[in-house]
């Protein structure tokens with residue numbers, strides 16, 4: 001006769017936050033992890049996280065910053081920053097070019113307006129002296 005199979009082990013309990021000793025500062029859960037299980041740069045560099053690490057806080061899944069930001073990640077960040085700087089530089093150059101063209105256009109309009117006024121004044125003077133008659137009567 002066969003012996004009955006042992007009952008399967010109970011399902012594992014969901015992980016719970018282990019209470020930290022009172023000497024460690026508590027880092028809020030939202031500061032601990034991002035969705036994919038790593039820290040974002042902002043979280044790593046935030047003064048709160050940095051301060052708590054300096055004071056010896058054991059942040060869940062904490063690893064040295066170098067490991068978290070592998071060389072490729074750092075290189076990507078540098079490249080992204082360079083792209084942003086280039087974009088800002090080009091934006092500034094475009095703004096300067098736009099301002100320059102706007103100034104040139106305004107100067108041209110001012111010159112044209114002065115020229116029109118000068119011509120109108122000269123015409124009025126000639127008309128007053130009788131050198132030219134009313135329009136349409138040549």
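Including glycine, each Cβ sits where the backbone N, Cα and C put it.
All TrEMBL annotations are machine predictions without curation.
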Annotated range (TrEMBL: region 'Disordered') out of 1-24, 73-96: 1-24
Distant-in-sequence neighbours of the compositional bias 'Basic residues' (119-129), which means Cβ under 8 A and at least six residues beyond its ends: none
